[in-house]
Amino acid sequence: MSFFSDFFNSKKTEIFAPLSGDIINIEDVPDPVFSKKIVGDGIAIKPSSNRILAPVNGTIGKIFETMHAFSIISEDNVELFIHFGIDTVKLKGEGFKKKAKDNQKVKIGDEIIILDLEFIKEKAESILTPVVISNIENFKKIKKSSGTIAAGQTVIITLYH
């Protein structure tokens, strides 16, 4: 089999935008943990909306106590990590309101966290939000989207198994 037949016949998983805004290259995030892909590969979002939505059908793994980040595992075992902003852990949960809980089953578009975007913009180093695939080594190819995106509607990443 050729590369192309593998590619076109392989299973794919689509990751939807958890926030509305603009896609930024993960390499441009001002935190080396993300820009050097230490925790996985993906994209970042410069958000324009205040609701973080489930990007896949799956199960919430862990919502951090400070509510600035969470993990989610899709029904087909894609492990995602969504981290709102840079140094937002220092806000100790202020500006974030949890709408979901650990181990909760969710569908694409379900609310996970509500943000006070203006407050966080004022207090955080950056509001760029990395969306990374933690188990990226399990996939043959990653296709990243670009441009302006709508939460729960735009595919931001396509993974080929």
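Placed from the backbone N, Cα and C atoms, the Cβ positions cover glycine too.
Copied over from Swiss-Prot, here are the features:
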type     : residues     : note
ACT_SITE : His83        : active site, tele-phosphohistidine intermediate
BINDING  : His68, His83 : Zn(2+) binding site
DOMAIN   : 31-135       : domain 'PTS EIIA type-1'
MOD_RES  : His83        : phosphohistidine
SITE     : His68        : site 'Important for phospho-donor activity'
Residue among the recorded positions His68, His83 whose Cβ has the most other Cβ atoms within 10 Å: His68
Helix, strand and coil totals (DSSP H, G, I; E, B; other) for the domain 'PTS EIIA type-1' (31-135): 15 helix, 44 strand, 46 coil
His68 (Zn(2+) binding site) and His83 (active site, tele-phosphohistidine intermediate), Cα-Cα, nearest whole angstrom: 6
Per-region confidence, the domain 'PTS EIIA type-1' (31-135) (mean pLDDT, whole number): 97
